[in-house]
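**Q** Residues or ranges marked as active site, nucleophile by TrEMBL: CYS265. According to TrEMBL, the NAD(+) binding site annotation covers ASP30, LYS35, THR86, THR122, GLU156, LYS268, ARG332. The substrate binding site feature in TrEMBL is assigned to PHE153, LEU154, LYS155, GLU156, LYS209, PHE254, LEU255, ASN256, PRO257, GLY258, GLY262, LYS325. The domain 'UDP-glucose/GDP-mannose dehydrogenase C-terminal' feature in TrEMBL is assigned to 318-419.
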Amino acid sequence: MKVAIIGSGYVGLTTGTCLADFGHQVIGIDNNPEKLAKLKSGVSPIYEPGLQELITKNIAAGRLSFSDDINLAIKESEIIFICVNTPPKTDGAADLSFVEQVSHQIAKALNHDHKIIVDKSTVPVKTAEKVKETLLQHSVSQAKFDVVSNPEFLKEGTAVKDTLEPDRIVIGVDTELAKQKMLELYQPLIIKTKAPVKIVSVRSAELIKHGANTFLANKISFANLMAQICEEAGADVVEVLDAIGLDDRIGSQFLNPGIGFGGSCFPKDIAAFKKTLETLAVDNSLIEAIEKINQQAVNRFIQKIKKELWALDGKKVTILGLAFKPSTDDIRNAPALKVIDALLKEKAQIIAYDPQAMENTKKTFPQIQYAPSAEAAIQGSEALIICTEWDEFKKFDLVKVKQLMTEPIIFDGRNIFKPTEVEKLGFKYFSVGR
Ligand code: NAD
Ligand code: UGA
């Protein structure tokens, strides 16, 4: 099938590349010239394990190309994905201006050939109806199209794997034709993975996405609440949550306490969902609590650092991990940024290291130092602060780490070490909920 992907970011690029790999003819569109130049030369503008190889393979096979000619891409494609960003507005509501803009562009390019317009961006319930209205108002009369909601559940850092091995495929449709076309599109994946396909109403599909993200964020905030309780009660949150998670009804995933959830999705989607609840006159206090505990998680960590290090002015502190999670270069809403901000206010001398996210962080914090390796960042440090649980940090030779530091103090925001083992080596060790 011929597919156009409007918006070639984390979701659009991964989706488009994987669809090309299933054998479809895919054209990726983006209006960011810098990104597009890289894509046209076959280079992924983002770091996602396995993505570069798939892009190279599918460009070579002639199934994947990139352009800024949205008009031509729509005219030539049967299925058009909207994968643009839906950032938060200042009041937390989803800013749908890019979705609207693209809807106008699609409307102008519609003709009498039937098109399936698929919304993959994360949007509040009833957005597809707005897209449909816009298409009807601004397209030629008798333009033939269906609007589908096909939410995306991939995680950054494992985007390709999540796309090739989905837990489920959710398709919100209101016509039989749209259902059949979407099933045809995903057929190679359905046959290969036997992933359950949920054909639902468009509104349900939109709510499944916001509901799933809110539930996952809820689990994390619950873990962080338990961490607070364990710190005050003198228990070990890892022991507590490990046992709680063994109940099949609860499950152990997304129960890791730390310095809170960040990223481009949970914070904004939860805020947008809260706005939806307000619009629907449904009580949103559960969501407010999720957000509040998430703020407390990073704030408590910062307080721990300030309390222990006392006068931070001029103190050399090392921050390891800048990305909002491992295996990505994405720093959007990364808790590490809040830690850096707080320490800069105290005039600490910060040296940071991250395996992938330093280039992005330099744009926000040009005033701190960046080291070429973890070892270089730790050299001469008076405190080691871990904000992201990259594998290479978990594998540290702690004896060597201690030799490199002038003061053996570790603040571990992701609980990557065992307290007894670190303390045995002579470190002062502060982690979360233990
Ligand atoms: P992104 O910012 O990485 O990518 C969006 C892309 O759209 C950008 O490259 C931007 O230049 C492009 N764009 C914006 N307006 C455009 C226009 N008018 N024409 C052409 N291109 C345009 O965002 P993302 O992380 O890929 O997220 C996209 C959507 O998917 C969001 O709604 C997000 O919530 C959702 N989502 C993201 C993830 C994730 O892990 N990143 C997972 C699931 C869902
Ligand atoms: C999240 C969801 O997991 C995806 O299913 C969803 O598609 C995506 O949002 C989206 O809608 O955009 P992502 O933000 O890429 O994916 O990454 P996660 O692995 O969910 O991590 C989000 C944040 O939660 C990170 O800061 C991570 O450190 C934190 N987290 C995660 C915890 O603090 N504890 C956990 O147990 C799990």
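Using N, Cα and C of the backbone, Cβ positions are placed for all residues, glycine too.
Caution: TrEMBL annotation is automatic and unverified by curators.
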**Q** Hey, how far is ARG332 (NAD(+) binding site) from PRO257 (substrate binding site), Cα to Cα, in Å?
**A** 19
**Q** Highest CB neighbour count within 10 A among the binding-site residues LYS35, LYS155, LYS268, ARG332?
**A** LYS268
**Q** Within 10 Å of the Cβ of GLY262 (substrate binding site), how many other Cβ atoms can be counted across all chains shown?
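**A** Excluding its own Cβ, GLY262 (substrate binding site) sees 24 Cβ atoms within 10 Å.
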**Q** Go ahead and report the DSSP secondary structure tallies for the domain 'UDP-glucose/GDP-mannose dehydrogenase C-terminal' (318-419): helix first, then strand, then coil.
**A** 35 helix, 18 strand, 49 coil
**Q** Return the average pLDDT for the domain 'UDP-glucose/GDP-mannose dehydrogenase C-terminal' (318-419) as a whole number.
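**A** A mean pLDDT of 97 is what the model gives the domain 'UDP-glucose/GDP-mannose dehydrogenase C-terminal' (318-419).
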**Q** Counting Cβ atoms within 10 Å of each candidate's own Cβ, which of the recorded positions LEU255, CYS265 comes out highest?
**A** CYS265
**Q** Whole number in angstrom, please: the longest C-alpha to C-alpha distance across PHE153, LEU154, LYS155, GLU156, LYS209, PHE254, LEU255, ASN256, PRO257, GLY258, GLY262, LYS325 for substrate.
**A** 24
**Q** Filtering ASP30, GLY262, CYS265, ARG332 (recorded positions) by proximity to ligand 1: which pass a Cβ cutoff of under 6 Å to any of its atoms?
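**A** Only ASP30, CYS265 qualify.
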**Q** If we check Cα distances from GLY262 (substrate binding site), which of the binding-site residues ASP30, LYS35, THR122, LYS268 wins as closest?
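**A** Smallest Cα separation from GLY262 (substrate binding site) among ASP30, LYS35, THR122, LYS268: LYS268.
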**Q** In Å, rounded, how far does the Cα of PRO257 (substrate binding site) sit from the Cα of ASP30 (NAD(+) binding site)?
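**A** It is 37 Å, counting Cα to Cα.
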**Q** Which one is closest to LYS209 (substrate binding site) in space, judged by CA to CA distance, out of the binding-site residues LYS35, THR86, THR122, GLU156, LYS268?
**A** THR122
**Q** Within its own chain, what residues at least 6 apart in sequence put their Cβ under 8 Å from the Cβ of THR86 (NAD(+) binding site), listed in sequence order?
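**A** Sequence-distant Cβ neighbours: ALA94, ASP95, LEU96, PHE98, VAL99, SER121, THR122, VAL123, LYS268, ALA272.
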**Q** Does GLU156 (NAD(+) binding site) have same-chain partners at least 6 apart in sequence with Cβ under 8 Å from its own Cβ, and which are they?
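**A** Sequence-distant Cβ neighbours: TYR10, GLU48, GLY263, SER264, PHE324, LYS325, SER327, THR328, ASP330.
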